[in-house]
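As given in Swiss-Prot:
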DISULFID  CYS98-CYS214  disulfide bond
DISULFID  CYS231-CYS236  disulfide bond
CARBOHYD  ASN89  N-linked glycosylation site
SIGNAL    1-36  signal peptide
Amino acid sequence: MAPASSHRGHQWICDLVRGSCLLLLLVVSNLLLCQGVEDYAPYCKNQPGNCRIPLQSLFERATLVASNNYRLAREMFNEFNKQFGEGKNFTSKVINSCHTEFMTTPNNKEAAANTEDEALLRLVISLLHSWDEPLHQAVTELLHRNGASPDILARAKEIEDKTKVLLEGVEMIQKRVHPGEKKNEPYPVWSEKSSLTADDEDVRQTAFYRMFHCLHRDSSKISTYINLLKCRFTPC
């Protein structure tokens with residue numbers, strides 16, 4: 001019987017293949033893994049046990065998902081602003097109001113590059129956790145409200161699904177490179193549900209604008225941090 005960590009790793013890659021548009025070479029390699037073909041030599045950096053998924057493969061898939069989430073978040077934010085932002089002063093209402101605003105994160109890429117990899121991994125995991133509830137509520141509300149375009153709903157649903165996949169993958173990476181790491185940063189609780197479900201259209205639209213603005217910002221951070229980590233542990 002395959003080890004549980006190996007099975008979870010293969011399942012994560014299978015989920016990613018089914019939901020992401022990857023380069024042909026990665027698709028082929030992933031499909032082989034999904035079909036049970038284990039042609040990789042054992043490769044578990046700093047982790048005991050019989051694992052056959054190379055660390056580089058985990059990082060490649062994580063960077064692809066993070067980059068895709070960032071693209072989707074940017075497109076969703078722009079689409080929402082185009083559809084609902086005309087004549088609205090949304091920007092002034094959402095400055096410094098993200099629920100992740102008070103997380104201590106590097107101010108720029110240079111600062112992130114000088115941050116220890118243990119801290120970056122904890123930040124990525126905490127940021128991903130902090131978006132569990134907001135994304136779930138956004139998808140639920142978009143499903144039951146008229147007005148939002150199908151494209152916005154589709155992107156929100158894909159980001160929700162892929163954020164779960166990405167979180168599992170990053171947690172696997174953390175266990176691989178820092179097997180003794182047990183502490184993660186506390187993640188902020190989102191408290192905007194009442195605004196997101198408000199009957200007042202202006203309140204509701206402002207809440208969605210704030211969410212999509214903050215998601216765009218945090219998705220950029222997550223993608224940047226994972227790319228930096230990839231270059232520390234595998235060839236860039």
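In case you wondered, yes, glycine gets a Cβ from its N, Cα and C as well.
Keep in mind that what you see is a predicted model, and the values were worked out from it rather than measured.
Features as recorded by Swiss-Prot, highlighted on the structure.
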| residue | record | Cβ within 10 Å |
| --- | --- | --- |
| ASN89 | N-linked glycosylation site | 8 |
| CYS98 | disulfide bond | 19 |
| CYS214 | disulfide bond | 23 |
| CYS231 | disulfide bond | 13 |
| CYS236 | disulfide bond | 7 |
Integer Cα-Cα distance in angstrom, CYS98 (disulfide bond) to CYS236 (disulfide bond): 32
CYS214 (disulfide bond) versus CYS236 (disulfide bond) - Cα distance in angstrom: 28
Alpha-carbon distance [CYS214 (disulfide bond); CYS231 (disulfide bond)] in Å: 26
